[in-house]
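Working notes for the structure below.
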Amino acid sequence: MSDQATFEFDTDYFVEEFSHCFTGECRVKMLPILYKISQIITGNADLADALSIVLGVMQQHLKMQRGIVTLYDMRAETIFIHDSFGLTEEEKKRGIYAVGEGITGKVVETGKAIVARRLQEHPDFLGRTRVSRNGKAKAAFFCVPIMRAQKVLGTIAAERVYMNPRLLKQDVELLTMIATMIAPLVELYLIENIERVRLENENRRLKHALKERFKPSNIIGNSKPMQEVYELIHKVASTKATVLILGESGVGKELVANAIHYNSPNAEAALVTSNCAPLPENLAESELFGHEKGSFTGALTMHKGCFEQADGGTIFLDEVGELSPTVQAKLVRVLQNRTFERVGGSKPVKVDVRIIAATNRNLVEMVEQGTFREDLYYRLNVFPITVPPLRERGSDVIALADHFVSAFSRENGKNVKRISTPALNMLMSYHWPGNVRELENVMERAVILSDDDVIHSYNLPPSLQTSKESGTAFGLTLEEKIKAVECEMIVEALKNSSGHIGEAAKELGLARRMLGVRMERYGISYKSFSRYA
């Protein structure tokens, strides 16, 4: 249990409070037991440790054959054995009850103790843990609730053969007192355990959602260049190889890094991302490798860097081309033997971490210019993946635009269902210097500006409208303009035919085979147009 989970327990108060219940010889026998149990509870913040000792005291001093403590999981509405003596591990596993089921379930349901003078003859006896109704032993079984603020938290039960019925009554009273004494500890355990289980379940749910989200098949885009990227992700994800992701800003390099990690054997471990671009040299070292207490002004405590945080998982170094020569040198060592020292420290720190790096810079040119270490480049460039710019993924623009429209419609409480043909033409003819990130921003703006269920051309920013109207905004060559017009005509024909290649070819006056060749050249897939049916 955490240090914050504490409670006040007055040993003398409990002993004095319960002392009136016993007289004479019984009092002499029972009060030392109560006092001993109260000391056990006071000195143990851990429920399992405390219960184990309490049950041991019951077994030693009360000659009980079996002792059982159950806890009530209100979320699952089940009662389970938390600790016991006289039961095997297999028997403990079988001790799971619903509320109202068997003697234990009835005690939790009613909040009242049950005494079975002859256990095997009691109508609620289930025999789930050991004994059967046909057994010869005439053991009594008594089960009392563990309660706190009128809420049943669990039960404590015992089994023993009694020759004197008066002793049974005294033991039931004693067990009731023990239940009262352990109730605060049980309550704190349940509160913390429920929260821990909730967080664990939430963590599992989020990790599963991330794994589903970052499946290569869930990345939007069916163009040939992206199919090649998916194939590379599939091949490298299951390995421990260092990956270098190349591509312009906004193409989705971080998405590729996520897909690799969440489809790897280390998917359950951490993925730690560090953006190297905005960090000055001294902060970059501390960010990546951590620092020791007092290593510089303001270093009041030891700090673990990204590499230590990612131990057992993956670190994603975004914009790795921006690192200073000093940090580059330290990174070479990490790549070589997975060891480093924190800033201000001399003790080597060893980590087991997979490295994925990304950059929009031309590292080969930087190596030639002497601004990027050659040995670092070759250690990073084990398995390069180049993410194509959006202008080379013609058919993906429509699929991505539709995805963003749906997402931003939900986010903004709108009901935008489609993009008009003129608006689609503008999206297809634009060269997207900001790539997918720019398209995302454009579609968010368009959804916000839309007054009905359609994205119109006038909902798009002026830069797209100007480019479509003039056809010269990009400074394209004649050949590039001809290709753009040809691509636009093919897209329009496929939209009109709902992706049917034969009908589109007929509309364009081309043979089906020739249209297929041109579609492959421009990376256009007929599947992207089936929604127009």
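Glycine residues also receive a Cβ, built from the backbone N, Cα and C atoms like all the rest.
Of the candidate ranges 61-80, 261-280, 501-520, Swiss-Prot annotates residues 501-520 with the feature DNA-binding region. Taking DSSP states H, G and I as helix and E and B as strand, the DNA-binding region (501-520) has 17 helix, 0 strand, 3 coil. Residues 224, 486, 489-490, 493-494, 526 of the same chain, all 6+ positions outside the DNA-binding region (501-520), place their C-beta atoms under 8 angstroms from a C-beta of that stretch. Annotation for D311 (ATP binding site): spatial neighbours A270, V351, D352, V353, criterion Cβ-Cβ under 8 Å with sequence separation of six or more. Averaged over the domain 'Sigma-54 factor interaction' (219-448), the predicted model has a pLDDT of 92.
The domain 'GAF' (46-186): residue composition by secondary structure is 56 helix, 41 strand, 44 coil, according to DSSP.
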